[in-house]
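Reading through the structure tokens given below for one structure.
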Amino acid sequence: MSDNNNKITQAMHDSGLPRRDFLKYSATAAAIAGAFSLGLPLHGWAEEATPKAGGVLRMGLAGGSTTDSRDPGSWSDTFTFVGFSAVYNTLSEISVDGTAIPELAERWESSPDARIWTFTLRQGVTFHNGKTLDAGDVVASIQHHLGDKSTSAAKTVLGDVAKVQAQGNDAVVFVLHSGNADFAYVVADYHLVIMPAKDGGADWQAGVGTGGYRLKGFEPGVRMDLERSPDYWKAGRAHFASAELLAIADGAARVNALVTGQVDVINKVDLKTVALLKRNPNLVIEETKGAQHYTFPMLTDSQQFQDNNIRLALKHAINRETLLASVLYGYGQIGNDHPIQPGSRFINSALEQRGYDPDKARFYLRQAGVDSLKVRLQASDAAYTGAVDASVLFKEQARQAGIDIDVVREPADGFFSNVWMKQPFTTSFWYSSLTADRMFSIGYAKGAAWNETHWDNARFNQLLNAARGEMNAPLRQEMYNEMQALCRDEGGAIVPLFASSVAARSKRVAHGGLTAPYGELDGLRLIERWWQA
Amino acid sequence: MTMSEKPLLEIRDLHIEGHYQDAWHPLIKGIDLTLQRGEVLGLIGESGAGKSTLGLASMGYVRDGCRITGGSVRFDGQELVGAKPEALRTLRGLRIAYVAQSAAASFNPAHRLIDQHVETAVRNGGIDRVRAEAEAVELYRVLRLPNPEQIGQRYPHQVSGGQLQRVMTAMAMACHPDLIIFDEPTTALDVTTQIEVLAAIRDAVKTYGSAALYISHDLAVVAQMADRIMVLRHGKLVEEADTRSMLDAPQQDYTKSLWAVRSFRTEPKPCPQQATPLLEVRKASASYGHQPVLQEVSLKLHRGQTLAVIGESGSGKSSTARLITGLLPPTAGQVLYDGEALPADYRQRSKEQLRRVQMIYQIPDTALNPRQRIVDIIGRPLSFYLGLKGQALRQRVAELLEMIELDPALYMERQPRELSGGQKQRICIARALAAEPQLIICDEVTSALDQLVAEGVLKLLNRIQQQLGVAYLFITHDVATVRAIADEVLVMQRGQVVDHGSREAIFTPPHRDYTGLLFSSEPEMDPDWLDRLLAKRALTSTVQTV
Amino acid sequence: MSLIKPLLRAPLSAQFGLLVIVLYILVALFAPVLAPFGETEVVGEGFAPWGGQFLLGTDNLGRDMFSRLVYGARNTLGIAFLTTLLAFAVGGFCGLVAAIRGGWIDQGLSRLVDILMAIPQLIFALLILSVVGTNATSLVLVIALLDATRVFRLSRAVAMTVVVQDFVEAARLRGEGLWWLVSREVLPNAAAPLIAEFGLRFCFVFLFISALSFLGLGIQPPTADWGSMVRDNAVLITFGDISPLLPALAVALITVSVNFVVDWVLHKSSGLKEC
Amino acid sequence: MNSLCKLLLQRLALGLLSLFAVSVIIFLAVGMLPGDVAQAMLGQAATPETVAAFRAQLGLDLPPLTRFGHWAWQLLHGDLGLSLANQRPIAELIGARLGNTFTLALLAALVSVPAALLLGMLAALYRNSWFDRLLNTSALSAVSFPEFFVAYILILVFAVKLNWLPSISNLAPGASFAEVLERSLLPVLTLSLVVIAQMMRMTRAALINLLASPYIEMARLKGISQARIIFHHALPNALAPIINVVALNLAYLVVGVVVVEVVFVYPGLGQLLVDSVAKRDIPVVQACSLIFAATYILLNTTADVLSIASNPRLMHPKG
């Protein structure tokens with residue numbers, strides 16, 4: 001399907017759905033940072049030759065909009081994420097192996113209860129305008145997203161932050177309302193870029209950062225031009241002499257631009273064309289797994305779904321493999337009715353994968369005291385491209401279990417404000433979160449703004465609070481394991497699929513391996529990480 | 001002229017077909033024509049006789065959708081049928097010129113007259129522009145155009161119809177052609193204007209010694225212009241003779257009937273002076289926007305009488321009809337029907353008031369809905385006013401058809417396009433009669449018809465009047481028609497009534513000024529009429545410049 | 001009867017056009033009979049090749065391409081036809097009334113139409129569809145409203161040439177009401193150019209709907225529609241896969257055909273005046 | 001000349017009046033868009049209080065009439081306001097794109113108008129010949145293809161297969177005219193193909209329609225050559241309908257090219273408008289719509305005026 005639709009869809013869902021902060025993260029180790037060693041991991045394991053300096057990186061990206069702005073609080077899609085991540089740096093950075101490593105912060109410490117975090121800044125870093133980075137810049141940049149008047153997308157990410165203040169010139173202290181063991185990951189959020197302070201606030205209008213590239217031009221929804229900053233502080237990065245980002249909303253146009261050599265990299269490849277693109281010897285397909293997941297939320301407080309047996313019946317009546325093949329063309333993984341992506345460091349690997357089992361579904365129906373079931377599923381492609389198709393497929397599969405799903409197509413416009421979380425059975429999607437805590441907190445905790453199933457499980461809520469402040473990794477993982485099982489067996493959401501994001505690059509550019517599985521386009525940092533082949 | 005001299009134009013056994021209704025139909029069926037240098041030949045006939053087609057063919061030209069299927073056209077010895085376009089182009093305009101019926105339509109509205117005048121001379125005749133323009137001015141002078149130096153600088157729409165027709169004649173003569181085709185050059189003009197143009201054309205032809213084909217449906221006009229006359233009918237020659245013998249002793253029945261048209265007269269009916277008039281207009285004035293079209297017009301019409309309103313274009317005669325029907329509400333004055341004032345606007349009139357006044361139009365083609373059958377057209381007033389239905393309605397339609405001398409069995413189910421012009425006008429009459437009116441307004445009902453057909457329609461109207469006692473308000477520009485049918489006559493000029501009286505009184509000299517001019521301008525079937533008239537007018541110097 | 005003759009004499013292009021139109025109508029009418037599978041029925045693997053069980057292969061969700069093409073004829077033609085019909089009912093009627101009544105009704109309607117026409121069609125459609133939501137009903141209503149303005153202009157212009165004729169004046173003087181004037185006197189005589197315009201409008205609506213579909217606001221899936229079928233698969237054109245060309249071809253073929261026929265009708269109605 | 005001036009002023013006044021009416025309609029239509037800008041912009045951070053604060057900040061809590069008055073007042077002072085989405089001045093936001101849109105329209109017009117007129121005249125000159133028929137059939141086919149279909153075919157041929165032209169219009173700032181030309185060529189071609197057909201057919205029809213008029217017959221009977229008849233005698237009289245169809249198509253080139261902009265990623269105004277509708281960025285939607293409507297009205301008024309100017313009856317009144 002055309003990404004034009006995606007674009008509109010994107011806009012629609014923005015009207016009601018949280019920008020779930022694209023904290024795409026999954027790694028295997030539950031590394032809770034105490035203090036990190038200095039220096040950056042090198043691409044030592046790269047099989048490619050040594051990075052070459054120079055050249056232009058040209059990207060054709062979906063997710064650019066005419067309404068984009070330089071204000072980091074407003075960034076909402078790939079185009080601004082990728083472009084500005086080359087202009088700015090954050091306190092911490094997610095490394096190739098998925099752990100948070102120092103970037104502008106040299107190191108960090110936390111109090112034992114994980115409530116007070118102190119970040120010590122790297123020395124001698126300058127902004128593009130020549131100003132030297134100090135703690136005041138960091139405080140201003142963080143405070144840009146805080147406060148009652150803030151309209152920043154990162155406001156909830158920083159929801160825990162009670163206070164942020166400078167400690168001397170080269171350290172910043174965050175005081176949290178309650179302990180958060182993952183706080184070093186939180187400040188890696190790409191909204192939380194460090195800008196120079198100016199007149200008591202952060203100067204976002206200038207587009208001046210500490211990153212590898214200077215902002216040469218930015219025309220929202222059209223293009224962004226970057227040129228290499230001659231004195232970038234980070235060694236072994238920013239190989240291209242310049243970069244050019246084109247906002248290409250139409251999927252076909254992106255593919256054409258890549259095939260005809262107008263651009264070197266495109267994202268959101270139309271899945272239908274992946275097989276065809278693969279035949280082109282000059283192109284490489286880059287798949288990033290677990291970028292988002294799709295759900296069918298059932299309101300647990302609705303009359304229809306308050307009986308968990310009914311929910312379980314529906315969870316058994318869906319054929320995830322078929323959906324994966326036809327909706328995602330295999331570019332994804334099947335889900336197990338909880339939001340933690342396979343391969344994540346938080347995954348409960350012992351949890352048995354649920355499969356398509358009409359008999360079991362019938363069994364649960366009988367448990368609920370009914371022979372057959374008729375439910376209405378209000379679907380919209382506003383959730384994700386193919387949501388209606390997936391719903392129709394689901395309908396066919398559920399029929400085997402004696403469940404009659406009446407698929408009602410809802411208009412994309414206003415779907416997330418009028419239908420989602422208001423009607424008992426709908427379609428939805430989530431960008432995967434960097435940490436399990438964040439995912440559970442915003443989507444599954446009692447009273448959370450986007451608890452899309454109105455789920456209220458006492459045990460789950462208790463575990464969530466306990467795990468957040470728990471610095472003991474194995475203990476914490478145990479809690480997460482139980483929470484995943486609770487979601488799977490008692491939760492209100494059917495989570496059938498984790499979708500990959502699929503990008504493609506020309507062989508004119510090369511990289512030393514993707515920061516998979518985190519974010520698309522090498523953790524959105526391809527500009528400073530990739531090089532000319 | 002001796003026979004040994006080579007004729008200028010020689011047409012032999014010419015056949016031309018036209019394509020319409022998906023088939024080819026013969027238009028010219030084997031006509032021979034010979035024209036000597038300096039000779040003026042009149043071509044006369046009714047519509048469809050093929051005279052225009054023949055005139056164009058003598059220039060080697062056929063209109064789109066027509067084709068020459070046989071015969072030859074030789075101009076000065078050169079064969080024009082099948083000649084190359086380039087060869088024809090060197091003749092046209094230079095050696096054969098054409099004067100069209102409507103100068104207003106035949107001048108290109110986008111260019112100045114002088115540019116169009118000299119176009120052929122400069123582009124094809126190799127004459128330099130300055131000389132060509134000087135000659136043009138000279139021609140304008142010969143044709144007695146006002147302000148000959150300046151008139152060429154004007155655009156066609158800035159010049160009146162009569163002048164334009166003379167400019168076109170001048171343009172035809174620009175290259176001193178051997179032959180000029182005049183295709184009904186005065187038909188679109190008012191009679192008083194016509195005189196001027198006729199005189200100008202005749203003088204010019206004589207001055208330059210061109211030969212001419214003069215095409216017209218009006219015998220009296222042709223009689224003034226032509227040395228010799230050919231009568232055509234249905235694409236064939238009926239009769240050919242020199243003008244005087246043709247007028248004095250026509251040989252063929254068809255020719256004789258054409259000649260006889262002008263003798264029809266109705267019996268005058270006495271005018272009941274005391275009774276309330278059926279229709280009375282009292283000092284009515286009206287205007288279109290700020291342009292006044294009627295000023296204090298008054299008239300009276302009694303039951304069973306015919307009141308003829310005569311005038312030239314712009315005289316307000318049709319506006320008078322619109323005033324009476326309520327299409328043009330007066331700004332002052334009123335219309336009384338049977339002594340009662342009629343609402344000014346037809347939309348305020350009752351069905352009964354509408355029924356009693358019916359109208360017949362000039363052009364029967366547009367007066368009949370082409371998408372309705374005859375039975376529907378005539379039947380509508382019957383069902384609308386009288387509430388007739390089903391068999392009774394068909395019966396009444398049949399009676400009306402019989403009254404207008406059309407066979408109900410044949411015509412009831414037909415559509416207007418299957419009828420001839422005269423038949424259509426009869427249907428219009430039947431439609432008016434169907435409403436059982438007391439007054440019928442006839443707006444130029446015969447002017448779009450050929451003379452013979454027109455006469456038939458007049459006779460029919462007269463018979464109906466005798467049978468039913470219906471009154472007619474008869475609007476026309478044609479003096480002959482007024483003479484034929486009027487009981488009372490009203491002469492109009494520039495929105496005012498300038499003369500009125502009974503037919504006898506009006507037509508008996510002495511006439512009032514305008515009435516006299518109008519009547520004397522009506523061409524007569526006498527080759528010397530124009531000369532006499534011009535001589536007389538020159539004497540009394542009452543010639544109105546047009 | 002008299003309809004056959006002109007058909008046989010019609011130029012090849014018009015005959016071809018008529019044949020195609022008849023064929024499309026038949027396909028639309030008998031879609032359930034002709035289509036081997038259901039419109040939204042998933043019958044196999046996605047992107048099955050041509051031939052074999054599936055004549056033209058399957059689409060991305062494993063629905064039979066041929067069946068969807070057939071049903072597409074029904075949906076797309078149906079919606080375009082309905083829209084055009086509505087546009088003509090509204091615009092045509094208003095145009096005729098404006099021409100017949102004249103005065104302030106004519107002035108009011110004409111100015112309103114002028115103003116509506118000053119707003120770019122695509123943008124107006126976009127706005128309204130965003131307001132009322134995208135579904136078949138609103139699609140039909142919105143496009144019909146937009147097109148009615150164009151129809152209004154034409155029907156008013158055509159009716160004007162009829163209204164000035166004497167037979168209309170005769171009917172007025174007879175005291176006929178508005179309905180009679182519209183239905184009996186003016187409409188039958190304005191029919192030829194209006195029918196031709198109907199064909200052109202139909203094509204335009206057809207293309208407009210596919211343009212809207214292309215922008216994601218046209219006929220919505222899973223309803224089979226040629227416009228969105230093209231759009232969904234447009235990217236495959238780059239790879240020389242002709243499957244997405246089939247619905248595009250279907251669109252082009254019907255519009256070309258209608259245009260051929262309209263061209264002939266117009267030529268014929270003007271050609272009759274010639275001699 | 002006085003009546004001509006009066007006519008011109010009348011047209012101008014009518015145009016301005018339409019513009020006002022259009023802006024009211026647009027304001028109302030945009031006002032009816034479901035979903036709230038504040039909600040749309042704030043997203044996740046939206047608590048009822050912040051939404052209310054934001055609405056107040058944007059002036060959305062004022063009654064519609066006041067808002068319209070305020071907007072119109074600003075507009076009259078040449079101030080289009082700020083974008084709600086990124087707080088940039090709309091004039092700045094629109095500026096570059098408007099330039100792009102006009103460049104595209106201008107280039108397409110430069111290609112299509114002369115081509116259409118020439119082809120139309122040739123078709124009229126050689127009417128009913130094989131050349132005319134070929135042209136006519138091609139034109140019919142060209143108007144029958146969906147725009148995006150034509151666009152993709154052109155991309156397939158010129159960008160993918162031949163690799164002569166770029167498939168997207170990457171208009172870098174400071175690009176040379178030659179570069180702009182090269183990169184805009186495919187969209188220009190697409191648009192030209194679409195509009196040429198209509199203009200050509202109209203030109204041909206207008207000319208042929210006139211060829212039946214008596215003064216053309218007169219010109220033939222004066223021995224004027226066929227070419228001169230077409231160019232000198234028919235064309236000046238056919239100008240009014242031709243001007244009108246050209247204006248209509250020029251308007252289309254400015255306002256109707258969203259699809260082409262999408263396919264070729266051409267940074268034009270249409271794309272901005274579509275995006276802004278989706279984002280409920282009301283001031284931008286209003287500004288764009290107004291510009292489009294103004295363009296349309298301006299072109300139509302110009303066409304009217306030119307038609308009048310081409311009519312000697314009005315240029316040279318009787319008096």
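Note: Cβ is positioned from N, Cα and C throughout, glycine not excepted.
Nobody curates TrEMBL annotations by hand; they come from automatic prediction.
TrEMBL has this to say about the protein:
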type	residues	note
TRANSMEM	D:12-33	transmembrane segment
DOMAIN	D:98-303	domain 'ABC transmembrane type-1'
TRANSMEM	D:102-126	transmembrane segment
TRANSMEM	D:138-160	transmembrane segment
TRANSMEM	D:180-200	transmembrane segment
TRANSMEM	D:238-264	transmembrane segment
TRANSMEM	D:284-309	transmembrane segment
### Task
Test the contact criterion for the transmembrane segment (D:138-160) and the transmembrane segment (D:180-200): 3 or more CB pairs under 8 Å, pairs 6 or more apart in sequence, then answer yes or no.
yes
### Query
Near the transmembrane segment (D:238-264), which residues from the same chain, at least 6 beyond its ends, have a CB less than 8 A from one of its CBs?
101-102, 104-105, 108-109, 112-113, 116-117, 120, 147-148, 151-152, 155, 167-169, 186-187, 190-191, 195, 198-199, 202-203, 206-207, 209-210, 270-271, 273-274, 292, 295-296, 299-300, 302-303, 306-307, 310-311
### Task
Please indicate, using numbers and ranges, the residues of the same chain that are 6 or more beyond the transmembrane segment (D:12-33) and have a C-beta under 8 Å from a C-beta there.
64, 67-68, 71-72, 75, 277, 280, 282, 285-286, 289-290, 293-294, 297-298, 300-301
#### Entry: Positions whose Cβ lies under 8 angstroms from the transmembrane segment (D:102-126), at least six residues beyond its ends
132, 135-136, 180-181, 184, 187-189, 191-192, 195-204, 207-208, 211, 226-227, 230-231, 234-235, 242, 246, 249-250, 253-254, 257, 266, 268
### Task
Please give the sequence-distant neighbours of the transmembrane segment (D:180-200): residues at least 6 beyond its ends with Cβ less than 8 Å from one of its Cβ atoms.
103-104, 107-108, 111-113, 115-117, 119-120, 123, 135, 138-140, 142-143, 147, 150-151, 154-155, 158-159, 165-171, 242, 245-246, 249, 252-253, 257, 260-261, 263-264, 266
### Query
Taking a Cβ cut-off under 8 Å, which residues six or more beyond the ends of the transmembrane segment (D:284-309) line up next to it in the same chain?
4, 7-8, 11-12, 14-15, 18-19, 22-23, 26-27, 30, 71, 75, 80-81, 83-85, 90, 93-94, 98, 239-240, 243-244, 246-248, 250-251, 254-255, 269, 272-273, 276-277, 315
